[in-house]
Amino acid sequence: MKILSFLVSIFINKRREKLRKKRGISWLADLLIYSSSYDYRLLRFITTLPFNFIFSNLLYTVAWGDLNYMEYSPQFAWIFQAFITFLLMLFFAYSPTFRSILIVAVVTTIGRSGLTIVTWKIMDNLINGPVTNMAENFKQTATGITCFVALQKNVTEERFTLAAGPLEHFIQSNIAKGIKISKKIINTIKVILQPFKDEVEEKTEEDELAESLKKYKTSIEERELLKNNIKDIVDVQKTNISDTVVKYSKFRSNLVKKMATRMEDRCMEIFRQITTSCVSYLDIAKEACYTKIPNFIGQHICPNFNQEKYCSGISEKETKNKCDNLISNNSDTLFPVTFDQEIQNFKDSSTHITEEMAISMHMKRIDGERKTNVKLMGQLSNMIHSEIHYIQIAIESMKEFGNLWVLMFVYIIFEDSVIFCRNFLNEIEFENYYYTWYFWKIDNERQKSKKTYLYPLTNAEKKINKIINVFGKPIPKEKKAMKLPFILWIVLTFFVIGVISLDHYFYRVLNVVNKYGNIIYDNSGSSKISLNITGEGIFVDWMREMLSFNYTRISNNTITSNFCNKSPIKPKYMNYFQSLALPLLYMLFCQVIFNYLIKRITVVYILGYMFRKRQKTRVIYLYNKILYSRENIRKMTRTKIRFEAKKEILYHQDSALMWIFRKGYIKNYIIDRFFKLYKCLLCEERYQYIKIITCNAINCPGVYCYKCWKDNNNLCYACLAKTDKVNSEKTRIIEKEDVYLEKYKKIKDSIRESKKLEKEEKDNKK
C-alpha cells in the first residue's frame, strides 16, 4: 500500500487536484500549462532526465569539451565528462531556478551573447581549414625549392665537370697517388735526417739528463776525492769548469760546443755504466759467497769481493783523462775549421725541409671545405621544416588560448543569465512592455463583463507606454544594439573572405607552376686526354707513377624537375561553406538581425512559461498601467473638449486633400479608403473616413471612432459639453442605475471568491 500511495503521489497532487477540478481543466493541461515549476517535482525530475542528459552533454561539449584537462587518458577524460554531465543533469532536473538559468543561457547564446563563441568557432574553423591548407602548401613549396636548389647544384656540377674536361678528374684521381708518394719521400727524408737532426739541436732530453747526473755525483767519486785528500769538492768543480772553458774555447758557435760536451758525456757514460754493472755483480757475488760457503771459510774468502778494489774511482779518473785527451788531440779531425758553418747549413736545410713537408698537406683543407658546402643543403631543409614546425606550435597554442577564452565567456554568459533571471523575478518592470495572448484575454474578459477595456490600443498609448508586439519591428534601442555586432560581422566576413581568397590564389599559382614549370636539363659532350712518360730511372718511375694519365669522358644525360614538382593540396570549398559560410549566415540572422526577437521570446515565452505566476503578475501590472494611463489621458482630453466647446473654439481641421478633393470619385474611393485624415476627439487617433462617426448636429466638429462613440453611449461629447450635461464633477454619462448596481455586485463577489481561494491555499500548505 505504501508503494502504491507513493506512486499515486508522483502523478497526483492534492492541492492541484482541487484547483484543477474547480477550473475544469485536464490533468495534462494542469501539468504543462497551469502548474508552476515547484509542483509535481518528482514527476518532473523523472520525465526530464532523458532531455537533461542530451542537454548536459551539449552544454559540456560547448563549455568544457575543448579544455578537458584529463584528455591525456581516454578513461580519465570519459570520467571527467560523465561527472560534469551527471552533475548538470541532476541540478537541471531538481532545481527550477538552475534549469531556467541554463535554458536562458543556451537560448541567449543563440543570440548576441554567443557572438564571441561563434566568432572563435569561425576562427578555429578558419585555422583548421584555409590556414592549415596554406601551411601545407607552403611546406610543399619550401621542400620543392630545396629540391630545385639541389637539382641546380647537380646540373652546375655536371656542367663544370664537362667544361673543365679532364682537369678535375686528373686532380681527383692522382691527388691520392701524389700524397702517397710524397709521404714515402718525406718518411725517407725523415729517416735520413732524424739522427743528425737530434745532434744539431741546442738542447735535447739527453742534455737535460746529463746535467742532472752532473749535478748529483755518485758516492764513489766523492770517496775517491776524499782518498786523494781533496776535501773541498766545490774547488774541484770550479777547476773542472775552468778546464772545460779553456778546452772548448776554440769553437765559435754554442751548437758545436754543445756537441763536444755531448760527446764527452757519452764517453763518461760508458764508464759509469761499467762501474754500475761492476758494483752490482760484486754485490751478487759477495751474497752468494756468504750463502754457499761455510761461515768460517767465508770470513776469509768473501771479503776479497770488495767494490773499492775492483770498481775503483781512480779508473774513472783515468778514463776521463783519456776521453779529454782523445777530444783534445783529435779535435782537428773530429771538429775541422769549417765544422761550425757546415753544422749551421745542415740545420737550416733540415728546417727548410720540415716546412716544405708541412706545406704539402694543404690539399686536405680544400677537400674539407667542399664537404661543408654540401652539408648546407641539408641544413637549409632542416631550417625550413623547423620554422614550419614552430608556426604549427604557435597555431596550436593560439587555439588552446582561444578555447580558454571561450570557456571564460561561457561563464560570463552564465553570470548574465543569472542576472537576467533575477531581474525578471524581482523587478516587475524589467522588459515588461510586450502584450501577449494573456494580455488580450484579460481585456476580453473585461469586455464581456462590460467593464472598461483597452482594445484597440492607440498609437499614442503604444508610444507613451512603449508597448510593442513580441514579433514586431525592432525599436530604436534594439536597432542601436545591432551596430556593434554588425560591424564585427562585416570585419569577420571580410577577413574570412580574404583568407579563403589567399588560399585559393596560392593554390592556383602553385597549380600553374606545377603544371607548366617542368624544366628539363640536357647535357651532352665528351673530353679525351692522355699523358705518357718514357724513360728509365728512379725519378722517371716516380714521375710516371704520379703523372701517367689516360682520360676519356662522354656525358649525355637528361635531368627533369618532375621529382621536385608536387601537386598542391586543393582547398575543400564545400567544407569551407559548411564551416565558415553557414556560421557567418547564422551570425548575421540570429545574432545581428533577429537578436532582439530571441531576447523577446526568452522573456515572454521561456521565462513566462517557467515562472507562470510571475508572468501573470507582470501582465496584470502592465494591463493596469496602460488602463490607468488611458483613464488619465481621457480625463485630460474630456476637460480640453469641455473647455473648447464652451469657448466655441472647437473645430475640425481639414487637410489639404480634403480641400482639393471635396467630392467625386477620388475622394470617395481613394482618399476616404486609404488616407487617415480624420482625428477622433477623445482618443486623438487618426482614421479613414469609413472608420469614423460624425455628429449630426449642425456646426458640430465632433468626429469619433467606433470605440469612443460606443464608450460615450453613442452620444457626442462636444454637444454634451455645450448643453452642460457634463462638467468637472460629472465628466461622463454613466449607464442606467440598475446596470451599475449589477456590475458593483459582480465586483464584490469576485473579491470575496479570490479571498476564499487564498484562504484554502494557505490551509493546504499548513
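Cβ from N, Cα, C; glycine included.
Taken from TrEMBL as is:
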{"type": "DOMAIN", "residues": "430-623", "note": "domain 'Dendritic cell-specific transmembrane protein-like'"}
{"type": "DOMAIN", "residues": "679-721", "note": "domain 'E3 ubiquitin-protein ligase DCST1-like C-terminal'"}
{"type": "TRANSMEM", "residues": "42-63", "note": "transmembrane segment"}
{"type": "TRANSMEM", "residues": "75-94", "note": "transmembrane segment"}
{"type": "TRANSMEM", "residues": "101-123", "note": "transmembrane segment"}
{"type": "TRANSMEM", "residues": "404-425", "note": "transmembrane segment"}
{"type": "TRANSMEM", "residues": "486-507", "note": "transmembrane segment"}
{"type": "TRANSMEM", "residues": "584-608", "note": "transmembrane segment"}
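584-608 is the stretch from 75-94, 486-507, 584-608 with the greatest number of Cβ pairs below 8 Å to the transmembrane segment (101-123). When pLDDT is averaged over the domain 'E3 ubiquitin-protein ligase DCST1-like C-terminal' (679-721), the result is 83. Long-range contacts of the transmembrane segment (404-425) within its own chain (CB-CB distance under 8 A, at least 6 residues past either end) are made by residues 62-64, 66-67, 97, 100-102, 104-105, 108-109, 113-114, 116-117, 120-121, 431, 602-603, 607, 611, 614. Mapped onto DSSP classes, the domain 'E3 ubiquitin-protein ligase DCST1-like C-terminal' (679-721) shows 14 helix, 9 strand, 20 coil.
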